[in-house]
Amino acid sequence: MEMLQGLLLWLLLSMGGARASREPLRPLCRPINATLAAEKEACPVCITVNTSICAGYCPTMMRVLQAALLPLPQVVCTYHEVRFDSIQLPGCLPGVDPVVSFPVALSCRCGPCHRSTSDCGGPKDHPLTCDHPQLPGLLFL
């Protein structure tokens, strides 16, 4: 009976692992299209910008006995290669730099989140919000 249970367990684990590796349940870390809001305090408008950002699932591990060992570092989906594009906001006050730069993800990877260059927080309630009126019909890439 134990041999039959062991064989059944082996069969379930081997089939489940093969299926999971071919068809991930969640999309893996990759560049996706996104719309960002670009505005400055001394400029009267907000412009939406189409760009690519990094998003998706990164495999992580957690220790079973957390009190006994140090926690494992957790990874996030972050930029591997990135370039910065710029747009110029219209109607800014004199002396205010009207240029706003935004990231364009060329490739992504799973790695540690560096707070100096990335927003390491979770999902935002309102990712596209503007304090100033939104300029209609202008989308930049």
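Every residue number used here counts from 1 along the chain in the order it is shown.
Using N, Cα and C of the backbone, Cβ positions are placed for all residues, glycine too.
Fair warning: this is a prediction, and the values are worked out from it, not measured in the lab.
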Cysteine of CYS92, CYS108, CYS110, CYS113 paired with CYS54 via disulfide, per Swiss-Prot: CYS108
Candidate in CYS58, CYS77, CYS92 joined to CYS43 through a disulfide, as Swiss-Prot lists it: CYS92
Selected from CYS29, CYS120: Swiss-Prot disulphide partner of CYS77: CYS29
Residue among CYS46, CYS58 that, according to Swiss-Prot, closes a disulfide with CYS110: CYS58
Candidate recorded positions ASN50, CYS58, CYS130, pick with smallest Cα gap to CYS29 (disulfide bond): CYS58
Proximal residue to CYS113 (disulfide bond) among recorded positions CYS43, ASN50, CYS54, CYS130 (C-alpha distance): CYS54
